[in-house]
């Protein structure tokens, strides 16, 4: 709030405010869509595979992001109504908890995308050994490590968010992880044809290769959507920390509500991509919504 008030004094940019009804509608849609993904994977035993477990991890991260924005808006409404104060001890703890939830959502999304990318990489380049390398038990262990690390990091960052030593590693982690995932995808696309020729003599190798490339394309779309939805908010965090008094930075920070809406839109777009591009999920959704004759 202080940064927003100061921004209005040093820049001519008008602060863009998104109506609360829009926030609640988008957040509710994101939570429901990702909940459907989780239910579909649980109900369909054919989806009990490492790949879909990593997808469920991404869905949980998206749900946390939408839930964070919902609780934040409820908190703001209660403050405006006079039921809560902005600087009380309880409100400070509640704010830290919501910040921790936001950071957990971001870190969970990043590492879930990384796990999905690594799983797709193994599927393409180690197709014959995939089931030995990526077992269901190993996938669950990986997810447990990811969420334990993300939970610990989110609590630490939320408690020490005013320290530059905390903010800088958090903001650097985002581009580093994105670059690593991007390099992984580039390597997949460059080497896929060469690898396909080596296994061309095997039965159904062409079909298997096309299926894996389709999965790689789907995950590339996910990465692009994730960057478009989260990068503006991460940039806002950097500008608010290092140049809050600059008029150009203040002008960008005036669209804070728009950046928050983009985060929630990511939670809506991801399930749509899965529903349209995954035959197994489409079939499961049909069975869920349409009763058999």
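Glycine is no exception: its Cβ is also placed from the backbone N, Cα and C atoms.
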For the feature transmembrane segment as recorded in TrEMBL, pick the matching range from 77-101, 252-276.
252-276
Would you mind telling me which of 191-215, 216-240 TrEMBL tags as transmembrane segment?
216-240
Which whole number is the mean pLDDT over the domain 'G-protein coupled receptors family 1 profile' (33-274)?
79
Thinking of Cβ pairs under 8 Å, which stretch from 22-42, 49-68, 102-128, 140-162 has the most of them with the transmembrane segment (252-276)?
22-42
